[in-house]
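Listed in TrEMBL for this protein:
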{"type": "TRANSMEM", "residues": "239-261", "note": "transmembrane segment"}
{"type": "TRANSMEM", "residues": "273-295", "note": "transmembrane segment"}
{"type": "TRANSMEM", "residues": "307-329", "note": "transmembrane segment"}
{"type": "TRANSMEM", "residues": "367-387", "note": "transmembrane segment"}
{"type": "TRANSMEM", "residues": "407-429", "note": "transmembrane segment"}
{"type": "DOMAIN", "residues": "410-503", "note": "domain 'CAAX prenyl protease 2/Lysostaphin resistance protein A-like'"}
{"type": "TRANSMEM", "residues": "441-458", "note": "transmembrane segment"}
{"type": "TRANSMEM", "residues": "493-511", "note": "transmembrane segment"}
{"type": "TRANSMEM", "residues": "517-540", "note": "transmembrane segment"}
């Protein structure tokens, strides 16, 4: 017979899925981007363009990343809305684009190119040394050269563009000139009643270095005042995030003190921490390896490339070890406290630590975890739908994962991020934080609330406005997660947290208009479902071990 709690978990999961799938677009609008060309096709087009300019790309190191013109995308969405932004990016100027960089170790000269998702050039920069020789054209002669380039190379009719700005810079062995045009009729007002607020507009810039075009690019100009106001808001979010990091560090230090004290009294087990810390260290190192294209794109050519690569490798290893040690200590201290404070929460976790993955308790808590995760997806969707409609909450539209598309094996990255977030955050804020505060404060509500607030406001750097909204959303969730941890077990929350992050990271791939990228999303969702192997194996073993099939709320 089904228990009442069985039905509640199942209903919450079903409701969460229905709300998430029905109102996802309203809560988290995404830009319509057609990614028909693969990474390889984009790189080939960029290399061909460089060859057309008389440069052999094979003689350079290169990097390829997918990027977004962040301030322009935020400005346009804020003023015109997501539908108009998507139309603008699709029909006029792609705000989400590919960035290719060619460089050599130890050399100032490099090339950077932006390409639209369909492969057409958007911007091109040929960076040369300040002392490089060149002609010293007059500004008028350079303007004629720039106009000719725009007309013949870019196929742009400048009759609709007005010259907005021009400047000349004297270099050691040449003169450089910069020209900027603005498209007539493209002005975008964000505060019509304030003439000093400035306007956005489509602009086209060309730089002439000596007698050669060294840069061209079309972009959406964002008013300086808008950028300043946006920076003020993000600065508040950064401050809240830093405070959260400081308090989180204090929790880890407290865990270290607890671990040392309990070790002296022989009241601590190191194995759970070694497993959790080792897992996190490995995940972070693998993630560092997969993110190397992003790291490579930031290479500073003054540093010898082998040294840069070695530093990146050492950084990934050191970061993994540092996080691993922190989680090792915090897990060990947390398990020791929780065994005395909330012993029932570790039943499935202890079986995993002992190497018994497919126990009935583990199967039950895994199913509970997915139920909690699906319910939470519905909660955050409803939170932002209502917040947008009634409270002025604003979330910029997502593209199809700018950073993830730039990494090796993009479909695997959600699995790594979700694992890292689930283990580290549940260990610090639930396993140790709740148990530690319950033991010392003797007030369960405060033991739940304080870690929830610290955890929640650590997400204040996310692009959600007002910046405190994410803290409110996750404080509520953190209270519920803490209660579920106490009542239904640590594994329940580990699986729930993993499922939430993995699914949220996979969905944008599914929304990309390109077959291979949708495939990334499907593969990521398969990874998100991997923990379901536990209850499936438990179920299959049922006839032989005599155990009844697990239900999601039995304990």
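Placed from the backbone N, Cα and C atoms, the Cβ positions cover glycine too.
Annotations in TrEMBL come from automatic prediction, not curation.
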Criterion met for the transmembrane segment (493-511) and the transmembrane segment (517-540) (at least three Cβ pairs under 8 Å): yes
Surrounding residues of the transmembrane segment (441-458) on its own chain - C-beta under 8 Å, 6+ positions past either end: 240-241, 243-245, 247-248, 251, 425, 428-430, 433-435, 468, 470-475, 477-479, 481-483, 486
Leading stretch by Cβ pairs under 8 Å, where the reference is the transmembrane segment (273-295) and the options are 239-261, 307-329, 367-387, 517-540: 307-329
Of 307-329, 367-387, 517-540, whichever stretch has the most CB pairs under 8 A to the transmembrane segment (239-261): 307-329
Folded-back contacts onto the transmembrane segment (367-387), same chain, C-beta under 8 angstroms, at least six residues removed: 9-10, 12-20, 23-24, 26-28, 393, 395, 469, 473, 477, 481, 484, 488-489, 491-500, 503-504, 531-532, 535, 550-553
DSSP helix/strand/coil residue counts for the domain 'CAAX prenyl protease 2/Lysostaphin resistance protein A-like' (410-503): 77 helix, 1 strand, 16 coil
